[in-house]
Amino acid sequence: MANTWWELQISCESALEDSVSWRLEDFGCRGTASESKGDSCLVKGYLPIFQAQLLDLAALGLWLQQDALCIGLSSPTLTWQLIDEEDWASSWKQYWHPQEIGDRFLINPAWLPSPENSDRLIIRLDPGVAFGTGNHATTQLCLESLEMRLSEVPKSFISKGGNQEPVIIADIGCGSGILSIGAVLLGAQKVYAVDTDPLAVQSTFSNRALNEVNPERLVPAEGSVDILKKLIERPVDGIVCNILADVIIQLVPEISEISKPSTWAIFSGILVEQSTSVAEALEKHGWVVATMWKRKEWCCLNVRRT
């Protein structure tokens, strides 16, 4: 049974899609997929059989009902079944299609041909079991924020000869590597990508090769900020971090140690109601929130050093 997975299926109102996806990820699902049909939505999540028993699944059903009740929507319906690993690895792919994000990106599933004559930056992606397909609001907000940051080069990044200084970025909680690859395509000279999940790091390596990114420009590693401190030669110019709010708050002191006065950062994975707590933690360690972008119940904080 080691290669057997739970497939969880949640039928819900479309307005609950992000909330259900977040709940599944928090529950430990290694991958999620969703399909919208009018005002309704089917969200699927996958996790190894050893990670949950039937009582755990019943508790998940109650949490989903409570989440819906809190925002005045009808309760979702949760069903589950056991599937083999081979079926799990391919079952969600039928729901994922090419997606434009922001003004410049196109996320293209690796198993589909790349569109011809596109003027967008194409990220070919096979997330495997890692978070980050471009479907989630937080990933979209981070990519759009990277567009803004890397198209507006600060004067401090311009050398005396008028040339742009190389931009070094840290991606904390890299997942599939989608944000790291996006940063490289936008012109970042080098991205250090870390994740505590070894499967996410493996996915980033695979997607780096899939997009033919020079290994010198994208360096994945297992770990967190402690590993970044060993990898980087100097403080980074930019930081992108799309993980849960509680984890961001815990990491803020360490993140500040790898920054310099001109460093900017992008934080997401934050529910709107959690934004104040995250902003307060950042301000205590010398950061100021420049803008907060919202999408559905999620937000993204664009910050800089004070």
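Cβ from N, Cα, C; glycine included.
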Same-site S-adenosyl-L-methionine binder from Asn108, Asn117, Asn242, given that Swiss-Prot records Thr139, Gly173, Asp195 = Asn242
Should Gly173 (S-adenosyl-L-methionine binding site) be counted as helix, strand, or coil on the basis of DSSP?
-> coil
For Gly173 (S-adenosyl-L-methionine binding site), what is the tally of other C-beta atoms lying within 10 angstroms of its C-beta?
-> 24
Asn242 (S-adenosyl-L-methionine binding site), number of other Cβ atoms within 10 Å = 26
